[in-house]
Amino acid sequence: MALTMTCKQVLLMLGMLITGSINTLTKKAQLQCSAKGFNYNDSTTETHTFSHPWFQTWLMFIGESTCLIGLFIARYRERKERQRVIAWSMKVGHEPPQAPTYPRIWQWILLVPTLCDLIGTSLAGIGLIYVDASVWQMLRGAIIIFAGILSRVFLKRRLKYIHWLGMFVVMIGLVLVGCSSVFKNKGGEGSKAIIGIVLILASQLVSAAQMVLEETFLKNRNLPPLQVVGMEGTFGFILMTVIILPAMYFIPGSDVNGNYEDSLDALYQMGQSPKLLIMCILYLASIAFYNFFGLAVTRSLTAVHRTLIDACRTIIVWGCSLFIFYVADKNFGEPFDKQYGLLQLDGFAFLLIGTALYNQLMDVPCMPWCSHDGREMDEFPSAIRPGSSSINPGEFEDSYTSIPEEVEPLLKEGIRRGQRVDYS
């Protein structure tokens with residue numbers, strides 16, 4: 001399978017890889033930060049860790065909502081381009097193209113996947129408190145299993161033998177990675193690691209359900225991907241601000257003020273720690289740019305590229321975590337466990353092989369029934385962004401204004417000669 005790519009595609013993939021890695025690293029770094037928090041009972045400050053996974057979900061939705069800015073910019077450029085095409089058409093005596101129709105921005109049906117996004121991201125964020133960033137990144141590979149099963153049950157897609165084999169190999173990898181995380185944590189920390197693993201796996205089940213729901217409800221609506229992500233972010237921001245975060249404040253818990261989660265304390269901690277504030281800003285920005293790069297490259301991405309990006313992202317997250325711990329600051333990052341680190345490495349290898357099998361990138365010579373004939377591969381849902389929207393930009397036609405058939409040859413002729421087309 002050819003992997004030839006243009007320079008633009010390579011840059012977009014690098015952008016997606018870098019922003020995705022920054023997303024995971026800064027999310028974990030926030031949870032490892034300690035800063036002064038405000039105690040409302042006695043008006044004192046107390047230094048404690050930034051354990052606010054629901055607040056992180058709120059930040060994620062803010063980042064997603066910025067995709068609407070990209071949508072509005074794209075539509076503005078389309079209008080300007082259409083005006084130039086109309087002027088050119090009138091100049092050469094052709095009928096101007098019809099104005100494009102856009103779906104309305106406010107789509108209530110997007111509340112359904114937004115709720116899945118909210119629950120899945122929050123569960124994964126809570127799980128990240130109890131496991132290392134590399135383990136968290138690897139365990140997210142479980143979405144292949146859940147997406148495959150749910151697509152078979154609800155979307156009636158036929159899974160080939162090689163898909164089931166890939167899912168089985170991924171499951172072995174998940175077991176090895178999970179065991180390495182539990183075994184290297186002694187005593188009560190091992191129990192917390194189990195809780196974290198269960199929560200992360202549950203989050204991937206919810207994310208896979210989100211993919212199925214999006215495909216079921218949005219398949220024939222032709223909504224631009226930027227609109228889907230942006231409106232999910234907007235709905236999520238409203239839900240978190242009006243309902244979820246206030247509810248977490250009034251639910252009793254172990255937070256510094258006796259709440260389950262105190263978002264006001266999170267804001268106070270951000271104001272007290274420049275390092276924490278920078279991590280939150282980087283996290284928010286990485287969400288926005290990761291969605292942009294992800295949607296930009298999905299049109300030309302193949303299963304090979306997706307597998308390559310996922311593998312490289314895990315390697316970068318793991319490598320940077322080790323570097324930060326041993327070189328920069330032992331309060332951040334993660335150490336390499338000499339006893340069970342190789343077990344995690346073996347699990348990662350199984351995850352790579354299982355993902356490659358599921359995406360039909362490799363054959364098993366000793367299992368002819370698991371081979372594929374090299375023709376177009378079946379596509380199954382695959383996580384591409386935080387929140388795991390299954391909307392594929394390649395499924396929708398460009399909403400840019402189409403150029404009349406009579407005018408297009410003239411434009412191409414001007415471009416061929418190296419001339420700038422004058423619309424005036």
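Including glycine, each Cβ sits where the backbone N, Cα and C put it.
In TrEMBL, annotation is done automatically, which means it is predicted and not curated.
From a predicted model like this one, the values you see are computed outputs, not experimental measurements.
According to TrEMBL, the feature signal peptide maps to 1-21.
The feature transmembrane segment is assigned by TrEMBL to 55-74 (among others).
Among residues of the same chain six or more beyond the transmembrane segment (108-131), those with a C-beta under 8 A of the stretch's C-beta atoms are 27-28, 31, 51, 53-54, 56-57, 60-61, 139-140, 181, 192-193, 195-200, 202-204, 206-207, 209-210, 213-214, 217-218, 221, 228, 231-232, 235-236, 239-240, 244, 386-389. As annotated by TrEMBL, transmembrane segment applies to 108-131 (among others).
The annotation transmembrane segment is assigned in TrEMBL to 137-155 (among others). Remote same-chain partners of the transmembrane segment (137-155), defined as residues 6 or more beyond its termini with a Cβ less than 8 Å from a stretch Cβ, comprise 24, 124, 127, 131, 163, 166-167, 170-171, 173-174, 177-178, 197, 200-201, 204-205, 207-209, 211-212, 215-216, 310, 313-314, 317-318, 344, 347-348, 351, 354-355, 358, 380-383, 388.
Summarising the annotation, TrEMBL assigns transmembrane segment to 162-183 (among others).
Feature annotation from TrEMBL assigns transmembrane segment to 195-213 (among others).
Here TrEMBL flags 234-251 (among others) as transmembrane segment.
Here TrEMBL flags 276-296 (among others) as transmembrane segment. Residues of the same chain lying 6 or more positions beyond the ends of the transmembrane segment (276-296) and with a Cβ under 8 Å from any Cβ of it are 12-13, 15-16, 19-20, 22-23, 26-27, 29-30, 33, 35, 50, 56, 59-60, 62-64, 66-67, 70, 225-226, 229, 269-270, 384-386, 393.
Away from its own ends, the transmembrane segment (308-328) comes close to residues 13, 16-18, 20-21, 24-25, 28, 132-134, 137-138, 141, 334-336, 348, 352, 355 of its chain (Cβ-Cβ under 8 Å, at least six residues beyond either end). The transmembrane segment annotation in TrEMBL covers 308-328 (among others).
According to TrEMBL, the transmembrane segment annotation covers 340-358 (among others).
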Within the same chain, the residues 6 or more beyond the ends of the transmembrane segment (195-213) and with Cβ under 8 Å of it are 112-113, 116-117, 119-124, 126-131, 135-136, 139-140, 142-143, 146-147, 149-151, 154-155, 174, 178, 181-182, 381, 383, 387-390
Given the transmembrane segment (162-183), its same-chain partners at Cβ distance under 8 Å and 6+ residues beyond its ends are 131-132, 135, 138-139, 141-142, 144-145, 148-149, 190, 193-194, 196-197, 201, 337, 339-341, 343-344, 346-360, 364, 367, 370-372, 378, 380
